[in-house]
Ligand SMILES: [Zn+2]
Ligand SMILES: [Zn+2]
């Protein structure tokens, strides 16, 4: 344990925390003392969180390759005296902090991976990293802000480790690789972390996580009970016709016209067949490939697209209706079609009871006017796998500068994605306060 290294923080945290404790009314309980200590310590953490974030931002790593980031995290957690497990799902790090008193177990999760995006933000710590991805040279950038997630959770670990005697329970820190998905054939991310025991010994009673987001201003926190982020499934449809001369279509079976009918037919699944007042759903075709000349009708056409849903029953239902629609239209044309549906992340569902219970904590941390009940969003997130295991809440933390019009802010995944770092202390305090409040009983 790096006693020497952290001595000054412990000394400062203890002395200021002691003053605050002394200033509190005599009836103030352990919980209030812990909350006050936590804020004092979090303020001390702020410059360190920003420094870690900039360092990680300048050295982004793609999914399953986060070795530098994981080493930084593991070293830090070990220096805090935590039990640290590395190499979980390749580069994942899981650490356990045992509080001074018995109590429940809270898991906190940060994802660590960057994206194949060439940064266009003008900051001194902008990424210049390049790597190979799918056979091409690409830039690498923390365009989804996972650098901030790692830095915030490192800060939270330090805050909580320094006051562990005041914690009635256990905190599990989960630093996860590869949230953004992986090239075909590779496994990783939250699902693999769970397979490799991230939630074993001890099993958490609840899980919390935050994602920075361009659609909220720095200082704001967004929450939504129930279905929050979509399930994302990919489909590949191959329509098999019979090649013929473009001037003699009756001598073949035209897969281009059939594929066109399939595109339109599939749109009626969402608009005519699904109960739209229950949950929304989206089906988009992103690519159509077939043929190579004006006067040859090709043999096959391939359609590739995505399905977004907010209910697991509707997700399974759309799967069946998609297959039925494709098969029926293909048959009507005398063609055949193969349908391959590649399951992505499940629906991210925030436990409604737990979400309701944490709202007062969010309001205390961010200020009532900064806590927003937000709409569900159609991107997906593998935090959903953790929430399938235990009650959890996933939150959005704003990072767009308050003076910027939200509609003009570059979105997550954009090469211009910009983080107002003042939002990070709000995110870190949110996670730390949620932990303390949960341990003391919501
Ligand atoms: Zn992302
Ligand atoms: Zn992300």
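Cβ from N, Cα, C; glycine included.
Keep in mind that TrEMBL annotations are predicted by a computer and have not been checked by a curator.
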Of 413, 433, the one that TrEMBL places in the same Mn(2+) site as 144, 146, 180, 211 is 413
DSSP composition of the domain 'Peptidase M20 dimerisation' (234-326), residue counts helix/strand/coil, works out to 37 helix, 32 strand, 24 coil
Residues sitting within 8 A of the centre of the 144, 146, 180, 211, 413 CB atoms (Mn(2+) site), not counting those, run 111, 113, 115, 142, 143, 145, 179, 412
Model confidence for the domain 'Peptidase M20 dimerisation' (234-326), as mean pLDDT, reads 97
Students should find that the Cβ of residue 211 (Mn(2+) binding site) has, within 10 Å, a number of other Cβ atoms equal to 26
